[in-house]
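Undergrad: Please see the structure below; I have some questions.
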C-alpha cells in the first residue's frame, strides 16, 4: 500500500475515515507523539525548524521593504512626514469599478493603494533610511539572510551536522551565548548603528558604506573614550528647536540623558536611545560571562538552584531538583519562554504609545491605535500558550520523585488554596465592578446622574504625582512647596521627563478619574478570571478530586464515559480553550479603554470619556455606536469611500465570529447526521457522483469542533475590532 498521510503515525494512516486527515493535521507538530521518535531526533527537528521560522520572518520583513520601495511613497513621505499618508502597497484589482479606483487612490499615488498603519515608515526614517534605494538594499540583505537560514536548517538535518542531545542540554553555554551574543552583542551593534548612522541622519548627515569611515560620529572621535572623559559625549545635545533630519538646531552629543521627548517629532531623543542600548549591551555582555563552561569559573546552574533552600525549613526544599526537571522538559522551557515573551509583548504595547521611540509616530494616531491593539492581542495569545505548555509539562514531563517537597511539588500540594483565592478575587472584582456600573447606569436612566457612585483613583493619582505629575495638587500635603527638600526632590528627575509628564498633549501618565477607576477594575476582573482558569487547568492537569488519574488520559481528552459523575470539560485543553475566551474578552476591555480615552484626547474633548465612561450605556452609545457610524451606514447616496473596505470587513468579521457559535453550540450527532445526509445526496446526484473519495466522512471530534469554533470566534472578533479601530480612527484623523 502506498504511504498515506500522515507518515509520522502508521495508526492514523490506516484510519478509514476522514479522521485521518484532521487528526494528522492536529498532531503534525506534536513531534513527541510521532512513530519512531527519539529524544535526539526530537531536539534536532525542533532546532532545524527554528531556522525555517527565521527564514520565513526574514522573507516577510524583506517583502515589507521591497513593496514599500516598489509601490510606496517613502521618499515623498520623508519630505513631509506629518501630511503625506504612507503607502503600504498597491491594490492590483480594486473591485467595484471606477468609484473604488478613485476612493483608494491616495497618498499621491497614481492608482489604488493601501495606507500603512504599521509604523514602518517612521521606524525606517528614525534609523536613518532616506531613499528607495536604501529600502531595496535592506530587502536584498534580508533575502540573503533568509537563504542563509534555510541552508542552515537543511545543514543541521544532515547526519554530520546534527547536534547531540548533550549539546542541547548544556544550559550554561546556551545562557552565555544568548546573553552575550544575542542580547549583548546585538545591543552593542545597534548602539553602533544609532551612533554612526541614525544620529548623523537626524542631523542631516548621510552616512553609508562609502563614507562610513570618514564621518566622525562625534567631533572628538574616540579621544574621550580612551582618556576617561566620557561626559564629553553628552555635551551639546540637540536643541529644543532642532528640526529632525536637518542640521538646524542640531548638537554634537551622541550619548545623553535628557529625558522626555524631542519637541518636533514627539519621540524619545535618539541620543538617549543610543545611551540606553549601550547600557543594556554592557549589562548583558557581563551577564554572558557568569556561567561555568569549559573554563571552570563562574556559576553552575545546578549548584545555584540546589542552593536555593529557604532558611528555617518551613518552605520545603526550595529549588532542589528543578535543574533536571527544567533542563529535560521542552514544555517547561517553552512555558517559561512564552510567559516572558507574553509579558514583554504587552510591555511593548504599553511603551510604544507612552514613550514613542520613532520620529513622528506619536502624531500618526491610527498607527498608534493599531500597534497598541496588535501587541496586546499577540501578548494575550502568547501568555495563554505559556499555561498550555505548563499543563502539558505536568502531564508528560513532571516526575514527583525528582521534585519531592520542592517549589513545584508544593504548588501542586496547596493548589486548592491558590485556586480558591483566585476565585474569590475574581468574584469580588466582578460583583463590585458590575454593581458600580449597573448602579450608575440606572441613575443615568432615571435622570439623576448626580447619584452616581464615582470613586477617584487617589492611590494611582498619588503614584503619578510621585513621578512628577503636578496636576492633581498632591503638594497640598507638603508644609512648603519652596523648601530646599522639595527643590532637591525635583532635581531627581531628568529635565525632559518633568516637562513630558506634565504636558497634556502626549500619552505619558494620562490624567485619570472615576471612569478609569471602574474600567481598571473591569480589566482586573478579566485578568484574574483568565489567570484562574489557566492556573486551575495547569494545576489540575495531573488529577483532581473528581478524576485522580487525569494524567493517564493526556492533555485533551473529551470525556471518560458516563461514570464518575461526569468527566467532560475537565481536561487541561478545556481550561486553555475557556481561558482564550476570557483573554479575548479582557483584551477587548483593554483596547476599548485605550482607544476611547485616546480618541477623546486627540480630539480635545476628554470630558466625553470622563463623563460617559462611568456607566455601561456610555460605553455602548458614546464609544461603540458613535464610532462605528461610518461602518454601519450601508448604502448611501454618496457611493463608495476609502472606509468602504473596512465597513465590509466589519460585516465579514461579524460573520466569521458568528460562525464560531455553529461549532461551539452543537454536538457531534448533529454533524454526523448532516454529513451522512450530504454524502447520501452526493452519491445520488448525476455528475456530482463521478467524484468519489476513499475516506468515510465522519464528524469532527468534540475537541476538534471546539478548536474550529474557537478559531472562528477569535479571528472574527479580532477582524471586527480591527476594522472598527482603523476606520473610526482614520475616519477622524486621516
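Quick reminder: no glycine exception, Cβ is built from N, Cα and C everywhere.
Dumping what Swiss-Prot says about this protein:
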| type | residues | note |
| --- | --- | --- |
| TRANSMEM | 46-69 | transmembrane segment |
| TRANSMEM | 135-158 | transmembrane segment |
| TRANSMEM | 175-199 | transmembrane segment |
| TRANSMEM | 273-291 | transmembrane segment |
| TRANSMEM | 330-353 | transmembrane segment |
| TRANSMEM | 369-395 | transmembrane segment |
| TRANSMEM | 417-439 | transmembrane segment |
| TRANSMEM | 517-535 | transmembrane segment |
| BINDING | 559, 568 | [4Fe-4S] cluster binding site |
| TRANSMEM | 575-596 | transmembrane segment |
| TRANSMEM | 643-665 | transmembrane segment |
| BINDING | 654 | chlorophyll a B1 binding site |
| BINDING | 662, 670 | chlorophyll a B3 binding site |
| BINDING | 671 | phylloquinone binding site |
| TRANSMEM | 707-727 | transmembrane segment |
Undergrad: What else in the chain is close to the transmembrane segment (643-665), if you only count residues 6 or more beyond its ends and a Cβ gap under 8 Å?
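TA: Distant contacts of the transmembrane segment (643-665): 100, 103-104, 628, 630-633, 700, 705-706, 708-724, 726-727, 730-731.
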Undergrad: So if I exclude everything within five residues of the ends of the transmembrane segment (46-69), which remaining residues of that chain have a CB under 8 angstroms from its CBs? That is, six or more out.
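TA: Distal contacts: 31, 87-89, 116, 118, 120-121, 124, 132-133, 135-136, 138-140, 142-143, 145-147, 149-150, 152-154, 156-157, 163, 168, 330.
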Undergrad: Between the transmembrane segment (707-727) and the transmembrane segment (369-395), are there three or more C-beta pairs closer than 8 Å, counting only pairs 6 or more apart along the chain?
TA: yes
Undergrad: Taking the Cβ of residue 559 ([4Fe-4S] cluster binding site) as the centre, how many other Cβ atoms fall within a 10 Å radius?
TA: 15
Undergrad: Work out how many Å separate the residue listed as 'chlorophyll a B1 binding site' and residue 662 (chlorophyll a B3 binding site) at their Cα atoms, rounded off.
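TA: Computed Cα spacing between the residue listed as 'chlorophyll a B1 binding site' and residue 662 (chlorophyll a B3 binding site) is 13 Å.
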Undergrad: Can you work out which residues elsewhere in the same chain, 6+ from the ends of the transmembrane segment (175-199), have a Cβ less than 8 Å from its Cβ atoms?
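TA: Same-chain residues near the transmembrane segment (175-199) but 6 or more away: 126-128, 207, 212, 215, 217-218, 254-255, 270-271, 273-274, 277-278, 280-281, 283-285, 287-291, 293, 301.
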Undergrad: For residue 662 (chlorophyll a B3 binding site) and residue 559 ([4Fe-4S] cluster binding site), what Cα-Cα distance in Å is obtained after rounding to a whole number?
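TA: Residue 559 ([4Fe-4S] cluster binding site) has its Cα 21 Å from the Cα of residue 662 (chlorophyll a B3 binding site).
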Undergrad: Go through the chain and flag residues at least 6 beyond the ends of the transmembrane segment (330-353) whose CB is under 8 A from any CB in it; none is fine as an answer.
TA: 42-43, 46, 361-362, 368, 371-376, 378-380, 382-383, 385-387, 389-390, 392-393, 396-397, 507, 594, 598
Undergrad: Of the listed stretches 417-439, 517-535, 575-596, which one has the most C-beta pairs under 8 A with the transmembrane segment (369-395)?
TA: 575-596
Undergrad: Using Cα coordinates, what distance in whole Å links the residue listed as 'phylloquinone binding site' and residue 559 ([4Fe-4S] cluster binding site)?
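TA: Computed Cα spacing between the residue listed as 'phylloquinone binding site' and residue 559 ([4Fe-4S] cluster binding site) is 19 Å.
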Undergrad: Report, as numbers and ranges, which residues of the same chain sit near the transmembrane segment (417-439): CB under 8 Å and 6 or more residues beyond its ends.
TA: 411, 452-453, 455, 518, 521-522, 524-525, 528-529, 531-532, 535-536, 539-540, 614-616
Undergrad: In whole Å, note down how far the CA of residue 568 ([4Fe-4S] cluster binding site) lies from the CA of residue 670 (chlorophyll a B3 binding site).
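TA: It is 18 Å, counting Cα to Cα.
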